[in-house]
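Contents: one structure, followed by commentary.
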Amino acid sequence: MNTGVLLFDEQEMLHQLTHYLPSQTPLKDFVHHNTLHAFQHLPFFEGIHQASTVFGYRVFAELDEYRQWYKKGTIDDRILRRIIAEKKGPRQVDDWMQRMKHKTYDTRQTPRIGQFRNLWKEVLKIDLNALVHPILFRVLSNYLDQGIATWSFPVACTGLLEALLELERNSASSLFRTTKVRQLFRSGSYTLTQLLDELVGNTSYYDRYVFDQQFAHPGWSGMVAAIAQQPETLLAKRPVSLHDLIVFELLLELDALEFQTKGKWAPLAPLYQGKSLGLFDPMEVTELDEVYRLWQDAFEWSYYDQVLAALKVTSHGPEAASQSPQFQTPPQFQALFCIDDRECSIRRHVEQCHPHAETFGTPGFFGVPFYYLPKGSQAYTKLAPGPVQPRHLIKERSTSERRIKLQKDVHFNKHSHNFHSGWIWSQTVGFWSAVRLVDNIIRPSMAPMASSSLNHMDPTAELIIENEHPDDMENGLRVGFTVSEMANCVANVLLSIGLTYRFAPLVYVIGHGASSINNPHYAAYDCGACCGRAGSVNARVFSYMANKPEVRALLAQKGIYIPAETQFIGGLHDTTRDDMVFFDEGLLNVENRKSHDSYVATFTRALDLNAKERSRKFESINTKKSPERVHRAVRKRSVSLFEPRPELNHATNALTVIGGRYLTRDLFLDRRSFLNSYDYRIDPEGTLLLAILRAATPVCGGINLEYYFSRVDNDKLGASSKLPHNVMGLIGVANGADGDLRPGLPSQMIEVHDPIRMFFVVEQVPEIVLQAIKSDKNVYEWYRNEWVHLVALEPRTHRFYVFSEDAFVPYEPIGQAVATAPDLLTLFEQHRDALPVMLLQNKH
Amino acid sequence: MDHTLFLLFIFPLAGFISSLLISPKNEGALSWVAFTSVALQLLMGSYVFWVWLQGGFIPLSESDWALYRIPGYHFTIALYFDRITAVFLSLGTFLTFMVTIYSRYYLHREDGYKRFFNTILFFFLGYTFTALAGNFETLFIGWEMLGISSFLLIAFYRKRYLPVKNAVKVFSVYRMGDVGLLLAMWMSHHLWHDNIAFSKLVDYNWVDNYIQHHSGVSLFVSLMILLAAAVKSAQFPFSSWLPRAMEGPTPSSAIFYGSLSVHMGAFLLMRTSNMWEHQLTVRLSIGLIGAASAVIATGIARVQSAVKSQIAYASIGQIGLIFIEIALGWQTLALLHFVGNACLRTYQLLTSPSVVTYLIREQQYTDMTHHRTVERFLPRKMAYTIYTLCLKEWNLDSYLYRLLWNPLKWAGRKLDFLNFNRAIWGFVVTYSVGLFCLYNQAYLPSYAISRFIPELCALLGLVLTLKAFTERNRASMSWVMVMMSHFWVVLAIAFNEPFDFGQVHYYLSGVVVSGGIGFLCLRWMRQQANSLDLARFHGHSSHYPKTALLFLLCCLGLSGFPISPTFIGEDVIFTHIHTNQLVLTLFVALTFVVNGLAIIRMYARIFLGSADPTYVNY
């Protein structure tokens, strides 16, 4: 087989495999991303079709679902007809309508992956998965374990194979059942290719075999690949590589075959009778695929068109006309929120509760990327969007010892697991458990085991924000920012949201986080722009910077004059509990302090209303009660052990508006929209827009597609129901004791989501938008391949231009009337389902 | 004695039955029924407790209700309420109550909300039966209900392969315990010449007298009880099923495998302690099994990186200690220990998803570099060996499988030459010969009748059931073979001892009715799905839930589920086997056990384990 080695490139195979495997990092660093990122170099429909043919993923909603949506009117008949006409020609409309609405299709499919390796089962009647997976998962889980086991992996972790070899050589018991494989492993005289040689026997099938093998447990393989790429994601370091995993699995397979057949087996390749074995060989697009695509397009545009119809109204509105500063009195306070769709409604409530308030949206790390080191912590926490590599470190300097005192819960103590100490435990703590159980069920309350957004930072502790000495470096990170760096950070944010004049005396900078209990996916609830953490530190750091006189002096040189009496104040919005806290209130001047106290009442009212709005989708809460009482129930829900949906996160997200607030201020968007503030007038070159899109496209697109795919195939691309989940090694969840890891989102997070691609609306001249997206090929790929949709709203003519096939083409909404929302509180009480885009009445 | 204890069945039974009648969409009504019936049971329990207290803690017992009565045999429901019952019943009701409240929100929108509450209430009914049982028959009824509800809850996510596979695995381990209990029942019939009520065992001298005279038999009974207890409580060497049972929603795992179901072994030992406390051998065995379980389970728990498995093994370790306490006669301590352990593990399991937040935070703020465990004192070779063994769970899972099921499978494969027609015709011919011989016994040498013909018939039954168990191709063939094996068992007993044909009819009517309906279900299913092989999981319950339910009922009927005619028939059958007929007993018992396995395997493969019946998943 020597000649074959030339054909098989081990490195290339590993590279390809890493590319296609799920890339979700351990739970504590959960960040949303496009589940099918491997196919993003292809146009959306083509990419998902490949994914579906090769890996057997469902990539659309069920055919019946689309038909139901059509019946209910969620899919608009006019839109559907228009899309068929565009794609298939006007004469084909009725024909396709007929097929889409009534024809029976066989929607089952058999994926390509796995077919080759399945021959072991078909021909030899040996279920290798059943024999190999349990021990393989167990070894992997124990090796990677971050602290569940009392007795952790006993060998110094230098690499999976090396550690296992060390264990095997010094142990009287073996992980292998046959002497042959045991000796082979202990001798160390084998390579990945040689093992494949033995098992498969034909070089041209090696790639295929390894893909089949690894995709039989994509969860664990993906986790290994992700850790190999970002070893720092584990607090207890565990060097590991896909190569080691594959070698170990091949050895286990060899062992199982030897054991089951007593040595009487032959390599797999000769058993294969079929034709080509290429996973990615050309694949056929069926009529059913076409039907799905048309339905999906129609489903999406039914919503998009609604949004555009509404934006058409607001972009013509009186407020839009009066954008020039002389028409406006300065607002009494301003508030910066994260662009997150969950902040969409709180901004509306704040503005409605206080007519002279103005809100802005910008990614929740507020333009200051850094690592954070709380007092007493053993590790840095990254507080920046996933792709950004921070170069600064912010340390906490605390005078009190409060922080270090971790609250303990005796039930998580590992002494309860030994028979001797456990004897005392069960005779004492056991009775306390009964009390806790009753208490927790009847009167849920915050507990040490919960994840609380407030725990992220000690608000009383001092942060080292300013760099004290240029040489003050730690692990290659500068401790604190220099004044000029601060000025740059602040200027960038203010410019990008268009807040360069008209400063109110108080500017709130409000990050967000979430609190939940019994929730391994807690990191997915926090701020995505802060790498799955709360945004409190960033808000506080930004405010400090913007308040610093030296920084303001430099800002003035850049043309941004912040009045001396203006003060920035950091805060944190807990999106699960709808609570808000503010930091460093003591630094406010007397005047601002007084106004702040009255604005706190505004925020409190807005939060109550927000809780009420959210509660309309919560079955267990009676929405009809007063906002205060609903809010109390919402808080209780967030700490209820038995509540698998403390909040609904990004479910239903579908829209990103990049433009002035006047476009959306009077719209009811039902918490479906990311809102990034942007002033086209100060960005004639599109450079600010590019910076916004660089962050917003992968963040919003990633969140949206993760929800999309987890929704349409919750079994393969999501994590299924979270109710039976078992936490493995603190890094992932699995079903039962010996199941594969389950990346993706659990069904409880996605069940109310509508699978719609993200729709970006940018308020800017189409040519400038085009220039901006084209100047970054990573950003451009998203739009060109239509993994997200893009529309430019020409600010002067108020016309829409859809981005399609490398160009912007004019788009006119079908002309549906935009409904005006009745009283919102009544609306919340009467509707549990998704609501259309509506105009708000009662203008202030 | 009045019927105070029977009152304790009103609410569990009413709750279960009404929960069956509610629409699956009506979550509110389902959880309300569960909540209310368990809450009312709490009140009723308090009332009975009060009655008991008024009576000065003297055990209450009732045994009025004979389900089936023939000369020489009567099947009586007997109830018994003493300190052990009080503790188990009150804790069980309390925890079930908590879990029903918990699940009301937790299960919201879950596919199978109704199924979940049906099963929980069925479990609760079974638990009440077991805890209140006043004789072996009643206990066995509860015991089997616990087994079936376990199976249904492990396979709650019935569209997925692993839960179903594990459910079948756990059921088959349970089945071993059932054999133990069945044999214990059979032997104690012979020992006491009656189906003995537990209340009678309180008389120390009376019991002691019996045991002195039948030391061999009573040792056998006690060891069979121990087998049943060790299986149910996941003691060594049966421990590995417990972590694998954690496939259902967390609250069901918590109540079943964290607390109530898994302690039933300890309950059985305490309930029957009057029977074995005179025998040192038995006490030693209980103690040794407990000690081995405690040590081994602790080792395995220490290396677990999956949180629920860790709690499962920790719980096994504590139950091992409870076994030791029981063996030593420290019942009060054992009861306290049970309560503490059950509450602790329930709570730990319910909060197990929080382990990520809690431990990650602890890790972030604790310097772990000097964190060492006690194993550092061991020599390296020893430490690594123990680690590897614990990592592999001492191979308990695979040994159990290889020792017990591989021989069965091997034997079944030897019968591959039997196809459907051969089997049917072979059966008709041989069985006719058998029947002919039965009615013309005069022509047979009496030596043959007493020595080997019953055994031969039973063996043929066993062979058929083995074939049914290993059949990979046709489901209906497997099903028919199970039915035929019942016929052979009857023939065997008919040869063994002349007995009333009424009993035979009673027994076989159960087999024929449930078997016949089941057969029709299979035929119908086969028409819908074209093929119905047993080589893989089809998951037909997703499209045909009603057929699945009907077939499940047939399965219960055919496998001799308590109160079904088949069950009483089986019980009667055993009374006609003599104490010295070990081979016959073994064959008949094995036939019943393997029948149960074959049937559950069939149900699982045809109706569960796959999201889409025709979807091939690699």
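Cβ atoms are placed via backbone N, Cα and C, with glycine included.
The structure displayed is predicted, hence computed values, not measured ones.
Site annotation (TrEMBL): Zn(2+) is bound by A:C338, A:D340, A:C527, and the candidate from A:H349, A:H354, A:H512, A:H521 recorded at this site is A:H512. In this structure, A:D340 (Zn(2+) binding site) belongs to neither helix nor strand by DSSP; it is coil. Cβ-based neighbour count (10 Å, all protein chains) for A:C338 (Zn(2+) binding site) stands at 28. Cβ neighbour count for A:C527 (Zn(2+) binding site): 30 (other Cβ atoms within 10 Å of its Cβ, all protein chains included). Report note: the Zn(2+) site is defined by A:C338, A:D340, A:H512, A:C527, and the residues of the same chain whose CB lies within 8 Å of the CB centroid of those residues, excluding them, are A:F337, A:I339, A:R342, A:E343, A:G364, A:G511, A:G513, A:D526, A:G528, A:A529, A:C530, A:G535, A:H573, A:T575.
The Cβ of A:D340 (Zn(2+) binding site) has 29 neighbouring Cβ atoms from other residues within 10 Å, across all protein chains displayed. Under the DSSP three-state reduction, A:C527 (Zn(2+) binding site) is assigned to strand.
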